[in-house]
Structures are given as structure tokens and as C-alpha cells.
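Engineer: Per Swiss-Prot, the feature active site, proton donor maps to His127. The annotation Mn(2+) 1 binding site is assigned in Swiss-Prot to Asp66, His68, Asp94. Residues or ranges marked as Mn(2+) 2 binding site in Swiss-Prot (evidence: similarity to another entry): Asp94, Asn126, His175, His250.
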Amino acid sequence: MMTSMEGMMEMGVLDDIIRRLLEGKGGKQVQLSEVEIRQLCVNARQIFLSQPNLLELHAPIRICGDIHGQYQDLLRLFEYGGYPPSANYLFLGDYVDRGKQSLETICLLLAYKIRYPSKIFLLRGNHEDAKINRIYGFYDECKRRFNVRLWKIFTDCFNCLPVAALIDEKILCMHGGLSPELENLGQIREIQRPTEIPDNGLLCDLLWSDPDQKNEGWTDSDRGISCTFGADVVADFLDKNDLDLICRGHQVVEDGYEFFAKRRLVTIFSAPNYGGEFDNAGALLSVDQSLVCSFEILKPAPASSTNPLKKVPKMGKS
């Protein structure tokens, strides 16, 4: 495990990078230097490896699902939930691809991670994988705005991201879902980093699997990779591991959040009007100190609107 923090960026430099990135409202492109982005990747990589693969976090915390390069929507989420370090954040992965500003999105999140390493936490999504983001937009954005070398630096950083988080020993968070190989949380802690994402097995499933409304047990996924799992699988896993809730991203849901398995699993998706193709809302999940969950809904932004957010009543203890 790498714990050395040599060569970390100075706080003043980080604050300047964050300030410049936050000026990119209204669709304005923010062009950091290649040297600055390399430093962000290298420093963040050190921090990821110094923290566990199964993060152990505490409420209160705000949880965000997929962002997919929709930088303006990320800024809207921070406007509502509070900019770090005023609130604790956990992001469930899929920062890049499909949206227009993957670079701004991942650079702001990495900069915040380095600046406030105990206030903001980033999990790995299935798009934080060279095989996937080579195809779905991030590679092309890096190549167009910088070069392929920089994309490879990001790949080295992504290979060190943690894959799951446990909030107050009761809420388990990951990007995708459960795995037929997963019996206890110790197995997640044992996954070695840095690592690529394999085509099958525990790590693959944690980032790729989906809940299945129609079938019980385990079923092959229509995605052509990993599997789906029924409500019975969720109940069995939570009961055996003394957990209350699974929180995951990975799927577009119309209202930004969607419950499954008698509210024992929730899907969070934080990219409204995803890719300009879906009329979905985005959501931000707030977990208070009593583990009471509430949702803030981010409606697709009309061109003239600045912050169309709606608060949903509290949902009771998870």
C-alpha cells in the first residue's frame, strides 16, 4: 500500500486550479495546462492508494451518481449541496464519457479530492476503465484537447480508485451492484490496486451488475457483461452482513433515484437529460447523522434556468 505523500501540490496552487475550474459556468471551457492535469492525476493516485478500497465513511454525507462529463450539472449539484469543504461527498463513479466536458468534470473532482481528502470521496465506475472510455468519448476529448499521453496518465489514476464505501456500517455503496462471488465485505478490502477491470468476477460485477425487477436470483445481463440480481439476493446479502441499504448508480432512472427490493436498494443517477437523449431528472442523496435519507432532484436545465432543484421529503431511516 502506497502511503507516501511526497510531491503533493501546494494548497495555493490547488485553490487556484479550483477557482479557474469554477469559472467554467455556462458551458465555458476551462483549459488547465497539461502539467497541472498530470499533477492532479499523480497526487490523487497517491491519495487513493493511501485510503482503503472499501472506504469506511460517516454521515452526514451527500451521495452523487453518474455525472458523465456533464460539468454544468456537476456545478449545479455543488451549488445546491454546498461546495467542498462545506459538505461531505461520495461520488459513485462514471465521471467521464458521453458528456461534453469530461476533462473539467474529472479535474475538479480530483482537485477537490487532493485539497480535502477526508471530505470528498470518489468511487470507480465502469467508465473509469481504458477499454470503455477509449470508445465512449473521453479518449477523443483528451486527444483533441491535449494528447493520448494524458489519457494514459488518467488511466493510471483510474486504476487506483476505490470500488466501494460503507457508511456507518449500514449503507453499502458501489457503482454497479452485487456479485455471486461476494459473501462478505472483507473480499472487497482484499482487492489489490492498481488494477484494470477484468471481464468477469467480483470486481467486474461491483462495477457492472444491475438489479432485476423481473427475475429472482442471478441472471445473465443484457449488457453482455456481468449479471443481474433479484430482490431476494439483495435481502439475503443485507441480512447476512447486517446492512440496511445498498446505494448504487450505473443506470438512468427517470426521477434521478429509484428504489428496489422494498426500499433496501436505491439507484442514484445525477446526470439530468442524460446525453441530451433522455428527459430524466438527476438526484443528490443526502444522508443525515441518523441515517435518514432525503433526495434533492435536479431537473433538466432549460437554457435560461440557473438552478431548478426540487427537494423531496425525507424517506425515513435507510
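Placed from the backbone N, Cα and C atoms, the Cβ positions cover glycine too.
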Engineer: If I take the alpha carbons of Asp94 (Mn(2+) 1 binding site) and His127 (active site, proton donor), what is the distance between them in whole Å?
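Structural biologist: Pair distance, Cα basis, whole Å: 5 Å.
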Engineer: Within 10 Å of the Cβ of Asp66 (Mn(2+) 1 binding site), how many other Cβ atoms are there?
Structural biologist: 29
Engineer: Do me a favour and check the Cα-Cα span between Asp66 (Mn(2+) 1 binding site) and His250 (Mn(2+) 2 binding site); whole Å is fine.
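Structural biologist: Counting only the Cα atoms, the answer is 7 Å.
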Engineer: Taking the centroid of the Cβ atoms of Asp94, Asn126, His175, His250 (Mn(2+) 2 site), which other same-chain residues have Cβ within 8 Å of it?
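Structural biologist: Neighbours found: Asp66, Leu92, Gly93, Gly125, His127, Gly176, Leu207, Trp208, Gly249.
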Engineer: Which residues, same chain and not among Asp66, His68, Asp94, have a CB within 8 angstroms of the centroid of the CB atoms at the recorded Mn(2+) 1 site?
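Structural biologist: Same chain, not in Asp66, His68, Asp94, Cβ within 8 Å: Gly65, Ile67, Gly69, Gly93, Tyr95, Val96, Asp97, Arg98, Gly125, His127, Gly249, Phe269, Ser270, Ala271.
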Engineer: Cβ-Cβ under 8 Å from His175 (Mn(2+) 2 binding site), same chain, 6 or more residues apart: which ones?
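Structural biologist: In sequence order, the residues whose Cβ lies under 8 Å from that of His175 (Mn(2+) 2 binding site) (at least 6 apart) are Leu92, Gly93, Asp94, Leu123, Arg124, Gly125, Asn126, Val163, Leu206, Leu207, Arg248, Gly249, His250.
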Engineer: Just jot down the residues in the same chain as His127 (active site, proton donor), at least 6 apart in sequence, with C-beta under 8 A of its C-beta; none if empty.
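Structural biologist: Same-chain residues close to His127 (active site, proton donor) (Cβ under 8 Å, separated by 6 or more) are His68, Gly93, Asp94, Tyr95, Val96, Asp97, Asn133, Tyr136, Phe138.
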Engineer: Let me make sure I understand the structure: which of the binding-site residues listed (His68, Asn126) has the fewest other Cβ atoms within 10 A of its Cβ?
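Structural biologist: Ranked by other Cβ atoms within 10 Å, the binding-site residues His68, Asn126 bottom out at Asn126.
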